[in-house]
Every structure is written in C-alpha cells, then in structure tokens.
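Features as listed in TrEMBL:
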- 12-33: transmembrane segment (TRANSMEM)
- 100-121: transmembrane segment (TRANSMEM)
- 165-189: transmembrane segment (TRANSMEM)
- 201-222: transmembrane segment (TRANSMEM)
- 266-285: transmembrane segment (TRANSMEM)
- 283-393: domain 'FAD-binding FR-type' (DOMAIN)
Amino acid sequence: ILLFWVMTSSWLDLQVVWMAINIFLFLWFYFFYDLGDQFFYTRHILGSALAWARAPAAVLNFNCLLILLPVCRNLLSLIRGSFMCCGRTMRKQLDKNISFHKLVAYMIGLMTAVHTIAHFLNVEWYYNSRLGKYDDLSMALSSLDDSGNTTFLNPIRSTTTTPTLLVFTSVAGITGVIITLSLILIITSSMEVIRRSYFEVFWFTHHLFIVFFAGLVIHGAGRIVRSQTTTNPPHNATFCKDRIDDWGKIQECPVPQFAGGFPQTWMWVIGPMILYVCERLLRFIRYMQTVKYRKIVIRPSKVLELQLVKNGFKMDVGQYVFLNCPAISQLEWHPFTMTSAPEEDFFSVHIRSVGDWTQKLISIVEQLPEGAEGPKSSVQMGVDGPFGTASEDVFDYEVAMLVGAGIGVTPFASILKSIWYKFKDSNPKLRTRKIYFYWLCRETHAFEWFADLLQLLEREMEERGMGSFLTYKLYLTGWDQSHANHVMVHADADTDVVTGLKQKTNYGRPNWDKEFEQVRKENPTSVVGTFLCGPAVLATVLSKKCVKYTDVDPRKTKFYFNKENF
C-alpha cells in the first residue's frame with residue numbers, strides 16, 4: 001500500500017497520509033487504554049496518564065519501523081531502477097528520502113517526550129498509591145500479591161522502592177534512560193550548524209541508533225503497564241471495586257489477577273533492522289573491492305580531482321558515491337557526486353577542502369606526485385555506490401534548467417560531459433533539445449576546474465552548428481574593487497577574463513523571474529525540468545518560481561522542480 005502511495009502521490013500527499021496514520025494510531029490506542037475494561041483498575045491508579053503513555057508508544061513503533069528505510073540507499077536504488085516504468089512521480093518521492101527521514105525523526109522525538117513525561121507521572125502515582133496517599137482501592141490494588149508472584153498490578157512492590165530506584169533498576173527504566181539519552185544526542189548532533197562544522201561529531205553520534213534500537217527492542221520486556229486478566233469465576237471490576245473486603249471471599253469477587261502485555265516493538269522493527277544489516281553488509285563487500293587510481297589532480301583552488309577505476313562499476317549521470325579512506329577513519333563515509341560521464345571508462349569526483357575529513361584527504365594526496373596511477377597504500381579508498389539522484393531524469397525532459405551553486409555544479413559536469421559524448425556519437429536517443437545552465441560562485445578561482453569542460457562544449461556546439469543547444473550563464477556573487485577594475489579594463493576582450501569563455505561572467509545573483517520568463521517564452525509548449533544542487537534557500541526560491549511560471553493550460557510550458565538530496 002505504501003509503495004502504491006509513493007508511485008501515485010505527491011510529496012504533500014505522502015506527508016498527509018503519513019500524518020493521518022500517526023493520528024489514527026494515537027487515537028486508536030489512546031481510547032483502547034482509556035476505555036478498555038481490562039485497564040479499569042490500572043486507570044484508577046494512573047488516570048489518563050496511562051493512555052498518554054501508551055498511545056505515543058504505538059506511534060513510536062510505527063515511526064521506528066520507517067526511520068531506517070529512507071537511509072537504505074541500495075534498496076532505494078533498486079526500487080528506482082526496478083520501477084522506471086512508473087515515471088518521474090515515484091522517483092521524485094524517492095529523492096525525498098532524507099527529508100522523510102528527518103520528518104520521521106521529529107515525530108519520534110516528540111512522541112518520546114510525551115511518552116517519557118507520562119511515565120514519570122505514572123511512576124509517581126504508583127509510588128503514592130503504595131504509600132496509601134490516595135483512596136483505599138488504590139492501596140488495596142498496590143498491596144496485592146506481596147508474596148512475590150507475577151499477578152501484581154503495582155510494579156513498586158515495597159515502600160522502600162522509590163521512583164528513582166525503580167527507574168534505574170528495572171528493565172523498562174534502564175532501557176528507557178538509555179533510549180532517551182541516545183535520542184537526545186542523535187537529534188542535537190544532527191543540527192545544521194553541527195553537521196556542517198563538525199561532521200565527525202554528527203557521524204559518530206548518529207551511530208548511537210544501534211544503542212537506541214537495542215534498547216527499544218528490550219524496553220517492552222519490563223512489562224511495567226499491566227492489565228487485568230480473566231479469572232474463573234471472572235472478577236467484575238465495576239461491581240467489586242466498592243467491595244474490597246470481600247475480594248476472594250465471595251464468588252462474584254475473586255482476587256483480581258494482572259499481567260504485563262507481550263512486548264511488540266521487536267515485531268515492528270525487525271524487518272527494517274534486517275534490511276539495514278544487509279545494507280551494511282553490502283557496503284562492507286564493496287569496501288573490500290579494489291579501487292585503483294587512474295589520475296590524481298589537485299587544483300590551485302584546493303579542489304581535489306580523483307579519477308578512479310573499479311571492476312564492474314556502472315553509473316548514470318548525476319549519481320553519487322560514498323567514499324571511505326581508512327588512513328583517515330575506518331568508519332566515516334562521505335557522499336560525493338560523480339563528475340564523470342557514463343561513457344567514460346573511469347569515474348571521477350571533485351572534492352573541495354571543507355571540513356576535517358576532506359582537509360586530511362587533500363593533505364595526504366598532496367604528498368603524492370600529480371597524475372599518480374595505481375593503488376597507493378596511504379590513500380586506499382573504499383567506494384559504496386553508485387546511488388541514484390534527481391539528476392538521472394534530466395534526459396527525460398525536452399528542456400532542462402540546471403542550477404549549481406559552488407561545488408554543487410558537480411552533477412551537471414557529469415550531465416554536460418554525457419551530452420558531449422552523445423553529440424560526438426550522434427546518439428539518436430537524446431530527447432533533450434535545449435539546456436540552460438546557471439552556475440553561481442562566490443570566488444573567481446572556483447570556476448577554473450569546470451571552465452575547460454565548458455570551453456570544449458562551446459567549441460563542439462559551434463562546430464556542429466548547434467550553438468543554441470546550450471545556454472550557460474556564470475554568476476560571481478563575491479568580488480572586490482581590484483577585481484572590478486581588472487574586468488573594466490578588459491571589457492572589450494573577446495573572452496571572459498575569469499573563465500576564458502566567450503560567455504561573459506555576470507556579477508551578482510540571477511533575476512529568476514526574468515530567467516524563467518525567458519525560458520517560458522523560448523519554449524512555449526515544452527516540459528521543463530529544473531534541477532538544483534545547492535542550498536535550501538535557493539531551492540525554496542526555485543520551487544516557487546516553477547509553480548509561478550507553470551501555465552495552467554496543459555498544452556503550454558510546465559516546470560518541474562528537482563533537487564539533489566544526500
């Protein structure tokens with residue numbers, strides 16, 4: 001059913017369905033515990049906190065089932081490749097995997113907070129009932145079966161057992177503390193500022209999910225919440241609650257018996273856990289496969305280009321891989337979009353010096369001779385992938401708008417290279433007839449490694465009389481006065497002073513309304529795919545422009561927004 005929704009629904013529809021399931025589970029289990037006859041005596045002690053503790057637990061089970069699936073990247077790639085016939089709708093939803101992962105995590109955090117607070121209240125009320133601070137019925141229920149058998153209701157079996165002691169000595173209490181602390185660390189270390197500035201902290205702390213799931217599976221074994229079981233003859237709570245002294249003395253009121261519910265969480269999460277274990281095993285197998293270096297180049301702008309060769313490796317445009325360098329860390333894997341084309345006999349990545357891991361990698365590689373070939377023990381690489389992204393669909397559109405910000409140009413390098421090969425080989429399957437390419441950079445030297453490719457494409461299109469096929473615009477968003485003066489002096493030059501291209505560099509940021517209006521005017525009846533690899537702020541702007549400039553007439557221009565997600 002979920003797969004059908006993914007194939008036929010929009011992202012908003014999927015969020016609505018997901019939220020509806022959460023609300024249904026919460027309400028169903030809330031009323032089950034709030035109205036169920038078997039919980040009559042339990043509710044007498046705990047009140048509504050019983051339902052407020054158990055309803056979030058059901059929602060937690062559902063979301064813990066989902067949380068691992070969006071990060072099973074090999075599974076998603078398999079689905080993406082197996083259901084190409086289902087069109088771009090399904091693949092667009094698969095590209096939202098990280099967004100959905102975060103959404104589910106927020107729900108887990110919220111429900112954990114509600115569940116924990118409710119159980120703190122429950123423990124306090126159990127304790128007060130044991131001390132006789134409430135009515136006689138609560139005291140009687142708490143004093144049942146002090147001999148030590150398993151039919152008790154109140155888990156606090158002695159007046160010397162404090163709420164704190166119960167929390168830190170019971171199975172449910174200890175695992176609850178471990179689960180909550182793990183979740184707090186996972187969520188706080190996932191904040192944008194920490195993930196970008198201290199990726200290693202995020203990476204290692206995120207692996208506390210192993211502790212989280214282990215505690216989750218064991219947590220229910222404590223059976224803290226107990227319900228009345230059927231006796232012979234049956235104990236009618238509504239009749240017997242006012243006849244405490246007659247319990248066990250008259251036939252209508254035998255001593256009530258209680259038992260904890262069977263743990264169910266493991267049944268919810270066992271499937272995703274097995275899938276994730278298979279995912280990690282596949283990653284380990286790929287890690288053990290030999291990766292050879294075809295070429296190593298370090299650009300002056302501190303961008304490292306690695307050209308790698310691996311047996312049996314097949315890729316598509318815009319895909320990405322995870323890289324691991326044991327010399328830096330045995331456990332860290334980092335995603336990088338491939339800049340090579342499927343037509344080439346190698347795959348390449350461009351790595352910018354951002355963060356500790358990339359800086360260490362570049363420092364190690366700088367000690368090797370440029371253009372070094374063959375495996376080097378100091379920079380052995382593990383490669384996992386490739387994995388699909390939104391950019392794979394670029395050739396499904398008649399017209400494509402490609403927008404890259406900084407190093408976010410990497411998937412479009414792969415696309416543009418592939419286009420060059422397709423023109424070179426006169427590929428009849430090329431459906432795309434027009435590409436608009438926008439590249440936004442903060443610094444001038446960031447253009448250098450990509451300019452050669454654009455110059456090659458520029459010459460190729462002119463030689464074939466197809467100069468109008470590729471329209472590209474480069475935007476420099478940061479410069480100083482000396483650079484501006486240099487540009488003014490060379491304003492009449494045939495080529496740009498920054499890139500050496502015939503297309504001059506623009507200064508500032510694009511006027512997106514003007515750009516979208518121009519694309520719509522030049523392609524009045526086309527379906528335009530807008531692809532972005534860049535920040536979330538720019539994604540918001542472009543997605544709104546796609547909606548704004550899509551014509552209500554289905555025969556006219558339509559814009560579809562696609563964003564790279566890692």
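Numbering starts at 1 and runs along the chain as it is shown here.
Any Cβ shown, glycine's included, is placed from N, Cα and C.
Note: the domain 'FAD-binding FR-type' (283-393) comprises 23 helix, 36 strand, 52 coil (DSSP; helix = H, G, I, strand = E, B). Outside the transmembrane segment (100-121), and at least 6 residues removed from its termini, the chain residues within Cβ reach (under 8 Å) are 14-15, 18, 22, 46, 49-50, 52-53, 56-57, 59-60, 63-64, 66-67, 70-71, 163, 176, 179-180, 183, 186-187, 190, 224. For the transmembrane segment (12-33), same-chain residues at least 6 beyond its ends with a Cβ under 8 Å from one of its own Cβ atoms are 5-6, 39, 43, 50-52, 54-59, 62-63, 93, 96, 100, 103-104, 107. Taken together, the residues in the domain 'FAD-binding FR-type' (283-393) have a mean pLDDT of 79 on the 0 to 100 scale.
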